[in-house]
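Copied from TrEMBL, the annotated features are:
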- 44-346: domain 'Aminotransferase class I/classII large' (DOMAIN)
- 211: N6-(pyridoxal phosphate)lysine (MOD_RES)
- 353-375: region 'Disordered' (REGION)
Ligand SMILES: *Cc1c(COP(=O)(O)O)cnc(C)c1O
């Protein structure tokens with residue numbers, strides 16, 4: 001039977017968390033002389049930021065809970081998904097003793113967070129069609145396996161992992177946390193695993209405002225889990241981990257869920273079109289099926305294609321050296337003109353006719369994005 005206390009590092013259980021000024025007095029009205037803030041204001045005309053933000057982001061959680069169908073007590077908000085990823089490792093894994101299990105090819109941060117904390121990493125590759133090798137996973141779990149990372153839809157392959165496989169692992173791994181990273185769930189045609197939180201005390205679901213909500217710059221990640229685990233994460237997080245501007249903007253964004261859905265619909269239609277166009281190119285071997293906002297595409301000569309694209313200021317992610325991704329580039333679905341530009345550069349490479357509306361090498365320079373996505 002799963003018992004959270006057996007999973008946590010012993011000192012985490014007995015730890016006394018930092019108690020912030022905003023924890024000790026939660027009223028809104030009064031003369032606030034308790035947090036050593038600047039009473040005069042801020043050195044910016046962009047607003048007043050001299051007061052510390054709500055350490056528990058209650059306003060966001062109250063708006064988010066009904067949208068996600070969970071209780072506010074089941075929500076942890078982090079500085080990106082990176083923060084809960086790291087906190088989960090630190091809460092459960094004793095360095096040099098415990099381990100985590102990942103299924104490559106997958107998101108790089110699980111491995112990095114474990115490595116930073118000197119925690120051993122067990123790797124059980126996905127099958128060639130990017131599904132969970134359930135028997136191999138179950139055989140690889142040890143007494144010391146504290147975290148099992150699943151990414152669905154998976155980055156970089158783009159596909160959902162089969163529900164049955166995840167369920168089998170949730171039920172078998174009863175002394176580990178099973179984390180389902182759903183960064184791309186809004187693009188998938190399937191319910192979130194948040195619907196199963198009350199059935200599996202060892203289930204953790206990660207989502208993010210960085211993808212479908214279009215708020216990558218704000219750095220806001222969501223973690224859904226049992227109330228007990230959320231309390232532990234709250235206990236070990238930095239007290240003011242979500243800035244006031246991020247809280248304000250996220251709160252406002254949550255009143256625009258319909259616009260998020262519209263953008264998702266548009267991106268899905270464009271993904272379909274892009275996949276079809278890519279499949280018609282002679283240099284493309286495989287466009288892997290995607291449940292996300294990107295495509296994993298296998299080329300005859302990925303390295304060459306990647307470099308040709310870079311020269312034309314079209315930047316994609318080279319995944320050709322990644323396990324099971326031989327010859328693959330990962331391509332985000334862009335705007336229609338961006339997707340057309342990508343296709344034109346690829347067609348030109350294939351010496352097939354280039355469409356007229358976006359001439360290449362005719363003096364019209366594409367501008368390189370200033371912010372390079374690091375996902
Ligand atoms: C993009 C992405 C995230 C989001 O990370 P943030 O830190 O919230 O921006 C999380 N997991 C996966 C698999 C991703 O691809």
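For all residues, glycine too, the Cβ spot is worked out from N, Cα and C.
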Local confidence of the prediction over the domain 'Aminotransferase class I/classII large' (44-346), expressed as mean pLDDT: 98
For residue 211 (N6-(pyridoxal phosphate)lysine), the number of other Cβ atoms found within 10 Å of its own Cβ: 24
